[in-house]
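Annotation source TrEMBL lists domain 'Aminoacyl-tRNA synthetase class Ia' at A:12-222, A:453-649. Positions annotated as domain 'Leucyl-tRNA synthetase editing' by TrEMBL: A:264-440. Per TrEMBL, motif ''KMSKS' region' is recorded for A:617-621. The ATP binding site feature in TrEMBL is assigned to A:K620. Look at TrEMBL and you will find A:694-807 tagged as domain 'Methionyl/Valyl/Leucyl/Isoleucyl-tRNA synthetase anticodon-binding'.
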Amino acid sequence: MEKYNPQIIEKKWQKFWQENKTNFCDFDDETKKKFYNLVMFFYPSGAKIHIGHGYNYTGSDVYGRYKRLKGFNVFEPMGYDAFGLPAENYAIKTGQHPSLTTRANIDFGRIQLKKLGLMYDWEKEIDTSSPEYYKWTQWLFRVLYQAGLAYRKEAPVNWCPSCKTVLANEQVIAGKCERCETEVVQKKLKQWFFKITDYADKLLAGHEKLNWPEKTILMQKNWIGRSEGAEVKFFVIPTEMSEANGVEESLKQATDERSRDFARDDNKLSVFTTRPDTLFGATFMVVAPEHALITNHQSLITNFDEVKKYIEESKNKSDLERTDLNKEKTGIELKGIKAINPVNGKEIPIFVADYVLSNYGTGAIMAVPAHDERDFEFAKKYGLEIIEVVKDVQKHKSTESTRAQKTQACFEGEGVAINSDEFDGLTTAEFKEKIIHWLEEKGLGRKAVNYKLRDWLISRQRYWGAPIPIIYCDNCGEVLVEEKDLPVKLPELENFKPTDDGESPLARSKEFVNVKCPKCGAAAKHCTETMDTFVCSSWYYLRFLNPDLADKPFDKEIIKKWLPVDQYCGGAEHACMHLLYARFITKVLFDQGYINFDEPFLKLNHQGMILAADGGKMSKSKGNVVIPDDYVKKYGADVFRLYVLFLAPFEQGGSWSDQGIVGVKRFLEKVWNLQEKLKSQNSKVKTESQNSKFLVLLNQTIKKVGEDIENFHFNTAISALMILLNEFEKQKEVSIIHYTLYIILLSPFAPHIAEELWSRLGHNKSIFFEKWPEYDSALIQADEFELVVQVNGKVRDKIIVPADISESEATKTAMNLDNVKKWLADKEQKKIIYVKNKLVNIVL
RNA sequence: GCCGAGAUGGCGGAAUUGGUAGACGCACAAGACUUAAAAUCUUGCAGUGGUAACACUAUGAGGGUUCGAUUCCCUCUCUCGGCACCA
């Protein structure tokens, strides 16, 4: 018999699949249940398909092939997320136009993917950078705009004063431009946002429906960061006013003056707090450097120069730096103005400090140093008053709790109110409810919900993206491009590098920019920004079902039948961004009546990361990047597929090893050689009952492999297949029936060799038209088992006993073992623990 | 810093409604085959002691609950993913 030669058989079967359209998915097939098996599509940035893709796609493909054998009509598509910064950078680096490099990368990627033997339906390919696709990304922008969910406001961007370009966060290394190492500054630009915050509660509620990893849902929940509390308004008064008239009088005056106009905020400082019960402990206030209060009160602030300098300095710090608890907090008092604590009329100082962020809550806080660690630190540094208002009533009996000691000076937990006038003695929960009521009555505050989630900034001052379909007209303002005028085509620019005034490269094309207003016909300017690539990828799963539709984004009937996605597979790093954006867009399309479901991905699985052999990350600079092609060439795709899935639990990932891969190579060679042991059709089939141990293992393996694939536990499924193979090897002859079952079990993992062995049994059709085997539940239980005998919880002996042994019989047998008697001696037995089918534990 | 996950032999890993720690594979060692090597096959393989039977130790560190803890609880250390313009 010839040797196993993957190079020949893999080419043969890949050709066969293509010619016979084996993987074509007929959406109208009514005979089977649909199964939409989606994997995060490929980003053709210039880096080739690497091990990470190979890992992700193989795992998902094994699952898809298994589902197909289980009788589903499986749809498994692949496409290209082709817009974005890395693709643009690659083009700049190679000096070619991104449309050319992207096309080349896609073509190469497709060849690489086909070599891995993935079950993709190549007739449904999509490319987000094609006008046929981004026409509908622009259509999506229209949907959001018309629903009042797209708006423009000022927001800061990273700006390199030397390169005169906007930089992505990735291009800023330690506060400096990655190219010229100039200090990066923040520059404000008017930019487009999607109002994802309007959907915060819907996004939270939707989690109930999802069969997703717990941790992913938890991360999204924390990212959305819903918290309940109160909005409280503090009056701001000039210090001289309180000095002249006294606090009470000036407060009264201020209240009288403003009472008719509560909404006017310029003389009030509004804060959000989850702990309104600590209001009596608020001894100072802090505003973010960006807060409007500062500019509004510029004339009153006596140390404005100093304040201005501080604001300038904080501009260049990232949120991460600003909120780092380990860094010493800085701040400046706003001299000349004071705030009045609404609950007790006390006059308290106002600071500006960058540990308060402008984009969370109201951009200002009431500081309660006795009960918040950050405020506590700040108060100690600047010598501010600390008033304890919550007593810890929980008995901390453990003396070793270092946390309790650490927070002794600053108790952040819940307890009972003290130093809070008539509220003393209330529990935190009671106090919260009462004080909110009190504040509402006095018009000083109200119940409020706050979210960490921020609106989605979609503007990019970049060339390689979908242009935002908006025209600015002097007469009409923002005008949405009509649907009939879509797509707004990306102009073929020769120079697509960012311009030196912060505008998008699209501003270079006069033809693109100078347009007529669709409403009034006057000369107008086209928006030159492109959309965040996440917008393209937020709806791609819809387009796969109708990649060629020219007059609409998707076909309602097919959508109805095929969505939502049944299984989605991709990296956990997408938990808070792509996965949240796709859910948001889906909910918007649902609310606007375009689709009939409001969650895109019912079930989700993540793959881990494949690390280099030394356990470190793979990187180009280290030269340790593993490219699947090299291994496919050397060992074949089946070996590659098996090895990536065998080396670690799928959701965890692990390190690649050039040595380890030979193990699965040997495994497939053994499977191949099994052909020689096949019983000839004529030989008398011996009764299988003689071999009952083998039959038990066979049935156990069918059960385990199926269940493991269902749970994405591919490594243990492969291990079970290896164990069964080792048993086949011990046999003189292998029954064709068992062999047939085995090939089917192996086929999702190693489709090429399975097809070849299958056809050698005389079959004409692909093995993937077969049925996944059922196991015989009567045959998965062996008739004897190994009983573990413990004394005081330590294993002292093991014996083989019949499966139906009684407790008393088992105990009696166990106690009579020499090695057990030795330990029992003449000691008294306190109790005996018996675990059925497992163990006996004698406790002395 | 904040949010999330993880740590088991020389290596990748297995085992969790609390019940035999180390399945399966790699590496390594010995043997068979061979003129020889490779490949293949057989056997061994957590550590310490012992010819062995067996005993003790061991799942990042320390403590706790339990007849029994890799699994549950507390504290700590380290590693990884995300932190909103990489996608």
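Quick reminder: no glycine exception, Cβ is built from N, Cα and C everywhere.
Any TrEMBL annotation is an automated prediction that lacks curation.
Keep in mind the model is a prediction, meaning the values are calculated, not measured.
Counting Cβ pairs under 8 Å to the domain 'Leucyl-tRNA synthetase editing' (A:264-440), the top-ranked stretch among A:12-222, A:453-649, A:694-807 is A:12-222. Sequence-distant contacts of the motif ''KMSKS' region' (A:617-621), counting only residues of its own chain at least 6 positions beyond either end whose CB sits under 8 Å from a CB of the stretch, comprise 47, 50-51, 609-611, 656. Taking DSSP states H, G and I as helix and E and B as strand, the domain 'Methionyl/Valyl/Leucyl/Isoleucyl-tRNA synthetase anticodon-binding' (A:694-807) has 62 helix, 18 strand, 34 coil. Here the Cβ of A:K620 (ATP binding site) has 9 other Cβ atoms within 10 Å, regardless of which shown protein chain they belong to. Predicted-model confidence for the domain 'Methionyl/Valyl/Leucyl/Isoleucyl-tRNA synthetase anticodon-binding' (A:694-807) is 93, expressed as mean pLDDT.
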